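A quick write-up on the structure given underneath.
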Amino acid sequence: MHEFSGLNEECGIFGIWGHPEASELTYIALHSLQHRGQEGAGIVASSGDYLFGARGMGLLTSALSKEQLASLKPFPHAIGHVRYATTGGSELSNVQPFLFKSHTGDLGLAQNGNLVNAMNVRRALEDDGAIFQTTSDSEVFAHLLRREKTGNRKSKIKKVLRQLKGAFAFVIMHEDSLTVALDKHGVRPLMLGQKDGAYCVASETCAFTAIGAEYIRDIEAGEVITITDDGIDFDHYTERTSPHMCSMEYIYFARADSEFRNTSTYRIRKELGRALATEMDVEADIVIGVPDSSLAAANGFSEATGIRQEQGLLKNRYVGRTFITPGQEARERAVRMKLSPVRDIVEGKRVIVIDDSIVRGTTSRFIVKALKQAGAEEVHMGVSSPPLKNPCYYGIDVSTHAEIIASRKNPEEIREEIGADSLTYLSVDRMHEVYYGFGSKGQCDACFTGNYPIDIEETILPQEKDLKQKGV
Ligand SMILES: O=P(O)(O)OC[C@H]1O[C@H](OP(=O)(O)OP(=O)(O)O)[C@H](O)[C@@H]1O
Ligand SMILES: NC(=O)CC[C@H](N)C(=O)O
Ligand code: SF4
Ligand SMILES: [Mg+2]
């Protein structure tokens with residue numbers, strides 16, 4: 001039941017320690033992170049002695065009932081998750097946070113990202129006697145942690161993190177502590193905040209805005225932060241870090257009001273639009289952004305070129321999700337239901353359309369046709385990211401090679417296929433310049449360049465990998 005977008009989301013995580021309204025705040029935070037995952041949601045809360053959890057399928061509002069939320073209300077510590085599956089099918093057993101019970105204590109666990117060595121680690125653990133409850137990659141963390149016998153809790157967690165490969169942002173809850181960890185490449189975003197003196201963490205700062213928390217800073221690659229009643233402890237599980245923040249977070253995934261290093265995604269997207277303007281030399285009467293995610297880039301493009309921005313395409317806000325079986329025809333129908341041209345704005349005009357990405361090409365093909373039918377004289381496509389050519393193994397579903405148009409065709413062939421008068425993509429170099437300009441320490445660009453910063457140990461695509469079905 002995915003949206004008919006060429007790009008599917010990932011997951012959102014949240015955690016808060018020591019607040020009388022921890023579970024309610026977690027619920028509100030998860031609501032603001034809903035764009036990151038719509039397949040399932042859950043909360044695990046700690047009383048200080050035991051962990052309690054509730055989870056369900058679908059959007060947050062249907063996944064957790066009032067009664068479930070009320071049962072978690074008394075507890076001052078909580079973590080939460082909204083899921084878009086990468087590894088493991090879309091079923092209740094894979095919905096996070098996971099809650100494990102043992103005579104040595106409870107463990108709550110939630111992850112955003114994807115572990116590229118999960119299958120190999122799992123096989124080894126199973127051969128050693130482990131019995132898995134889910135088909136999710138994230139579960140290996142719990143098994144590895146339970147097997148660590150020496151050292152204190154933090155050193156055990158650090159040892160486990162060093163065995164994992166891939167992209168991960170973890171929230172790990174014990175009765176008396178909340179630990180958060182980001183992989184050494186820092187692929188996924190993870191932010192630190194504070195609400196009424198209580199520390200909280202979230203995938204995006206929009207969660208802090210939603211609960212009225214202060215945004216302190218971005219958590220760095222390789223960091224491990226432990227929060228207890230005694231305060232906060234900052235550490236790293238490795239010093240060998242190599243920051244590669246996901247470029248697509250800036251381009252498409254994160255909410256426009258979410259901030260990275262105190263800069264809103266909106267501003268970054270606007271700058272990507274300005275950068276595109278330096279590489280796209282086309283005369284036109286109006287600029288139109290494809291709603292929603294490309295309006296900022298269109299705004300930047302318009303400011304840089306002086307070409308007026310108009311709302312020439314309208315998005316039907318009730319077509320967030322269409323429950324039609326996948327297939328190209330259904331996808332096209334879904335785009336038609338979603339976007340519609342404003343005829344008297346585009347009629348007789350030379351139009352530049354700015355979109356943030358082309359994946360399958362369904363959206364741009366439809367837009368060019370619809371604008372021309374509405375009377376546009378020329379339709380030029382500007383894309384505020386480089387050609388997207390490769391799938392992602394790090395927690396985002398950007399389809400398979402076969403479906404990605406730029407993995408089969410060059411820009412001129414794509415222009416022809418979508419029927420545009422011209423097509424310009426942002427270059428990889430200009431994209432990186434924009435990010436570095438905002439203080440980024442390094443980006444992953446593998447879906448554009450094929451340079452995967454973390455070796456792909458398991459070549460099977462995460463979204464095609466259901467460990468149970470594969471009989472692992
Ligand atoms: O080439 P395609 O396979 O059609 O995919 C690309 C489109 O998908 C995304 O938008 P989405 O439909 O998710 O909507 P949004 O911009 O409103 O989030 C993206 O912003 C492009 O518009
Ligand atoms: N999109 C994600 O971050 C998913 C987390 C985890 N790999 C899962 O499939 O549940
Ligand atoms: S491959 Fe693309 S989508 Fe995946 S983490 Fe890298 S930049 Fe992000
Ligand atoms: Mg879009």
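Just so it is clear, glycine is given a Cβ too, placed from its N, Cα and C backbone atoms.
Here TrEMBL flags 11-230 as domain 'Glutamine amidotransferase type-2'.
Counting every protein chain shown, the Cβ of Cys11 (active site, nucleophile) has 28 other Cβ atoms within 10 Å. DSSP gives Cys11 (active site, nucleophile) a strand state. Annotation source TrEMBL lists active site, nucleophile at Cys11.
In sequence order, His185, Val187, His244, Met245, Cys246, Ser247, Tyr394, Pro453 are the residues of the chain that are 6 or more apart from Cys444 ([4Fe-4S] cluster binding site) and have a CB within less than 8 Å of its CB. Positions annotated as [4Fe-4S] cluster binding site by TrEMBL: Cys246, Cys392, Cys444, Cys447.
Shown in sequence order, Gly289, Val290, Ser294, Thr363, Ser364, Ile367, Met381, Gly382, Val383, Ser384 are the residues of the chain, 6+ apart in sequence, with a C-beta less than 8 angstroms from the C-beta of Asp355 (Mg(2+) binding site). The DSSP secondary structure for Asp355 (Mg(2+) binding site) is strand. Annotated Mg(2+) binding site per TrEMBL: Ser293, Asp355, Asp356, in sequence order.
Cys447 ([4Fe-4S] cluster binding site) falls within a helical segment according to DSSP. Taking Cα separation as the measure, Cys11 (active site, nucleophile) is nearest to Cys392 of the binding-site residues Ser293, Cys392, Cys447. With respect to ligand 3, the binding-site residues Asp356, Cys444, Cys447 contribute Cys444, Cys447 as residues with a C-beta closer than 6 angstroms to one of its atoms, given in sequence order. Checked against ligand 4, the recorded positions Cys11, Cys246, Cys392, Cys444, Cys447 give no residue with a Cβ under 6 Å from it.
Residues Ile251, Tyr252, Gly289, Val290, Ser294, Ala297, Ile354, Ser357, Val383, Ser384, Ser385 surround the recorded Mg(2+) site, their Cβ atoms falling within 8 Å of the Cβ centroid of Ser293, Asp355, Asp356, which are themselves excluded.
Taking Cys11, Cys246, Ser293, Asp355, Cys392, Cys447 as the candidate recorded positions, the subset whose CB lies under 6 angstroms from any atom of ligand 2 consists of Cys11.
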